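S.K.: Sharing a structure here in structure tokens format.
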Amino acid sequence: MKKGVLLVISGPSGAGKGTICKALLKKRNDLHISVSATTRSPRAGEIDGVNYHFLTKETFEEKIKNNEFLEYAEVYGNYYGTPKTDVQKLLNNGKNVILEIDIQGALKVKENCEDGIFIFILPPSMEELKQRIINRGSETPESLMTRFKSAYKEINYISKYNYAVVNDEVDLAVEKIEAIITTEKCRVDRIKDKILDSKEGFIHEQLYD
Ligand code: 5GP
């Protein structure tokens, strides 16, 4: 069976990665999100196993030792990581998988998964980014400043990504990501084995699924 596509959606805190991913998942049933593990405490309304796997620092560090993460990073004082076997299973079953992760994590994934699609989500402006982080209401003035300063540094890594999408309107950003998925699925290096294997003509569903 054809392997699924790995879609890495990344960008600074407040750019709107989470909102975009939610909208994408609502719109398309061919995409699956990988549930990350974290040591941060759940926010109001967050459910263990749905939003994150909420772990203690000890359990997380045990999993690091056992090489259970595709990538992990320390983000604003807490660990976040992508469970390796979950992602591998989904990809091997032909599912397209979204990772919604920070920039450090995305760069680590890129070292191992070159055929992933790396999309950088940009805010429309730095002022808007600041306002979005304030509006979340979950940050202290110190953590707000930390996230805001990091965003300035993080934007320098955009050249490591394949695509940049400005999140000025969520629906438009989602449309752009869908266009990227379509484009990527037409790339010859993704489908050439299928084409060369096909002896009885090309059946398009088989090519692009
Ligand atoms: P939050 O605490 O706001 O849910 O997430 C903080 C940051 O951690 C966000 O930028 C989010 O994308 C990132 N993040 C969430 N899960 C992971 C993960 O598994 N790995 C990495 N590297 N970052 C993650």
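All positions are counted from 1 along the displayed chain.
The backbone N, Cα and C atoms fix where each Cβ goes, glycine too.
From TrEMBL, for reference:
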- Gly11, Pro12, Ser13, Gly14, Ala15, Gly16, Lys17, Gly18: ATP binding site (BINDING)
- 4-182: domain 'Guanylate kinase-like' (DOMAIN)
S.K.: Taking the Cβ of Gly16 (ATP binding site) as the centre, how many other Cβ atoms fall within a 10 Å radius?
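M.R.: Here the count is 24.
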S.K.: Tell me which binding-site residues (Gly11, Pro12, Ser13, Gly14, Gly16, Gly18) have a Cβ under 6 A from ligand 1; sequence order is fine.
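M.R.: Close enough to ligand 1 are Ser13.
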S.K.: Of all the binding-site residues given, Gly11, Pro12, Gly14, Gly18, which has the fewest Cβ neighbours within 10 Å once its own Cβ is left out?
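M.R.: Comparing Cβ neighbours within 10 Å for the binding-site residues Gly11, Pro12, Gly14, Gly18, Gly18 has the fewest.
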S.K.: Suppose the ATP site is Gly11, Pro12, Ser13, Gly14, Ala15, Gly16, Lys17, Gly18. Which further residues of the same chain have a Cβ inside 8 angstroms of that site's Cβ centroid?
M.R.: Ile121, Pro123, Leu129, Arg132, Asn167
S.K.: What does DSSP call Gly18 (ATP binding site) in the simple three-state scheme?
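M.R.: Once the DSSP labels are grouped into three classes, Gly18 (ATP binding site) ends up as helix.
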S.K.: If I restrict to non-local contacts, at least six residues apart, and a C-beta distance under 8 angstroms, what lies near Ser13 (ATP binding site) in its own chain?
M.R.: Tyr76, Asp102, Ile133, Arg147, Ser150, Ala151
S.K.: Are there residues of the same chain, six or more positions away from Lys17 (ATP binding site), whose CB falls under 8 angstroms from its CB, and which are they?
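M.R.: Correct list: Ile9, Ser10, Gly11, Glu100, Ile121.
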